[in-house]
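So the structure is just underneath, and the comments pick up after that.
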C-alpha cells in the first residue's frame, strides 16, 4: 500500500497548479489594460539593452535539473540501502506481497516533492511578476513598441508588457544540495560529495549570471530570485521532507523487518 505522505504529495500537485493558474489570470497582464504607470516610461534607460540568444534556454535548464535530481536521488538511495545492509550485516529479501519496494517509493516521493517545489516557486515568481510589473532589460528589443506614438516629445507615456523578476533556478540547486548534505541518506565518500555539491553550485551560479549576460534579468532580479529559491528549497527540505529523517528511519525499520542475515561460511 502506498504511504500516506506520497498521496499527500500527489494531491499537492493539482492544488499548486490551480494556484498557478489563478496567479497567471491576474488582471495586471491582460491586454485590456493599456497603460500602467508603474511599468514603461519613455525615459527608462534600463530597458534598452539588445536581444541576445539565451546562453542556456529555460527548457534545457529544467531538463538538466530534472535528470540531475533523478540521478542524485537514485544513487543516494542506493548508497543508503547499501550502507544499512552492511551495518546490519543483512542482505535484501524483499517481500513482493508488501507492495512497492521502499527504495522506489522514496525515489518517487522525492521527485514528486521536487515537482511540488517547482510549482510553488512558479507561483511565487509569477505573483511577483504580475504585481511588481518590472520590465526586462531587453524589453524594447523584444516587444518593439511604437515609440513614435507612445513617446511624443516632452511626454511620459506608459505601456505594460514583458515582465521580469528573479530567476527561479536556485531552488533546484538547494534541493539537490540538501539531498547531498543529508548525512542520514547520502553515503558518498568524502571528498566526492563535496565536489558534487560544488559543481552543482557552480552550475546554478553560471545560469544566474547568464541571465544577466543575456539581458533577461537585472542582477538585482537574479539575486531576488536566488533568495526566493533559497527560501522555497529550505522550506520544502525542513517542513515537507523533514531533512529526510522520516524516510531514513523508515528504511531502517524496513531493513530490520525485510532483510535476512548473511549465510555463515
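Cβ coordinates come from backbone N, Cα and C, glycine included.
Looking at 30-53, 102-125, the range annotated in TrEMBL as transmembrane segment turns out to be 102-125. Annotated by TrEMBL as transmembrane segment, the relevant range among 224-244, 245-265 is 224-244. Taking TrEMBL as the reference, the stretch among 129-149, 192-212 described by the feature transmembrane segment is residues 192-212. The stretch from 6-25, 61-81, 192-212 that makes the most Cβ contacts under 8 Å with the transmembrane segment (102-125) is 6-25.
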